[in-house]
Amino acid sequence: MLWVILMMSTGTSFTSPLFPLYQEQYRLSSLQITILFAVYAVFLLPSLLIGGSRGGGWGLKRVLRISILLSILATILFMASQQAWLIYGARMLEGIAYGSFTGSAVAFLLKQTPKEKAGKAILLSGMAVSVGFGLGPALAGLIIEYLHLMPLRAPFWLLTVLLLSAWVGLETLQDEDFQFWKERRREASGSISLGVSSDIKPHFWSFSALPIFTLFTLNGTVLSLIPSFVKNVIQTSNLAVSGLLILLLMGGGTMMQMLPWFKQPVLRLRIGIALLACGAWLIVLSGTSESISLMWIGVLVQALGSGWTFQISLRLAGELPNSSERPKVITTFYFAGYIGFIVPIVGVGLLSYLFDLYVSLIVLNVLASLVVLYMLGYSVRFARYYAVRNGTQARRKVFHSRRARRPCNPDR
């Protein structure tokens, strides 16, 4: 299942290096490019929420299968496009496909995983998502730059093969839902909700959902603006550079989750969100100095912050709720993240009408820095809550283990 998640995540950001080419090919304005980014998230969010709420009733594997097929259809539409409206249609299909996939993928993964390994499975799924987000643009950028063959078509040949492998991988997994499908159909008529219980709401929204929102906001800036930023501000025509920068940001962040430093979750998340902000400012400064070296350093710092922020905020989304609520809470976690993805697309697009690209990025970074300061302040309260919660759970485990070891006296 992790392979399926990796391949679908690779497809979701695959088109990023192609946007400057689409702008030239179809003579799209900056506003039209902004809309091209935005329609993806606009169609992703409702499908994510619906898939997370109704997927169990419809059959999780069935939803995942349809999602992969929609992704393949979107890829074919990209390859066949001769007019701009077809690209917009393909982006809409991409959003629907990945939204419904994300809404059901974690729940299906947990059904394939023993309960004692659920936490590890959630973290590995997050790593697969991050690697995929970075791998897609890197592969597309390298193909465009060095293959020299139908740059608007050839990358999608590879993507089609990757998505077909995801489909094959999904079909090899056991579908337990099918055995109980008639009973679970009743779930499909249930209400669509975010699924966060009141006892964890303040902590989840402030120290799990808000960090992923901020991460997607700042990383979304890289994903949406790096191709044109590299071309127009840093002034390099090598399209592979933007793809490799995105790979460093997303894939590098995943690798940095394995670093052994600062293992305490609250401390690691504090450092992660602080590094996110520092990396974002270094990227902006690279535009001032027109330094590609400074941009690489900024992306590296932001990658470290991204890795730790994603790792711990996803871990908390899995730890805070009880096991029955966990899939819905994780869906809500990703929902918050993708709302953050819209911010740089729409925000910078609108700000660019008042300022140039560089000033727009400064405004966005100032706002993100204020959010980071709030989270650092809230972390003091959360650290107390987390320590008490973990202490209570540890005492319960000791109590239950002692009861399990206590010999039974039949004469008593």
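Cβ coordinates come from backbone N, Cα and C, glycine included.
Any TrEMBL annotation is an automated prediction that lacks curation.
What TrEMBL records for 1-380 is domain 'Major facilitator superfamily (MFS) profile'. Residues annotated as transmembrane segment in TrEMBL: 31-51, 63-80, 86-110, 122-144, 204-227, 239-259, 271-288, 294-317, 329-351, 357-376.
Taking residue pairs at least 6 apart in sequence, the transmembrane segment (31-51) and the transmembrane segment (122-144) share fewer than three C-beta contacts under 8 angstroms. Here the transmembrane segment (357-376) does not touch the transmembrane segment (63-80). Their Cβ atoms form fewer than 3 pairs under 8 Å, with each pair 6 or more residues apart. Across the domain 'Major facilitator superfamily (MFS) profile' (1-380), the model assigns an average pLDDT of 83.
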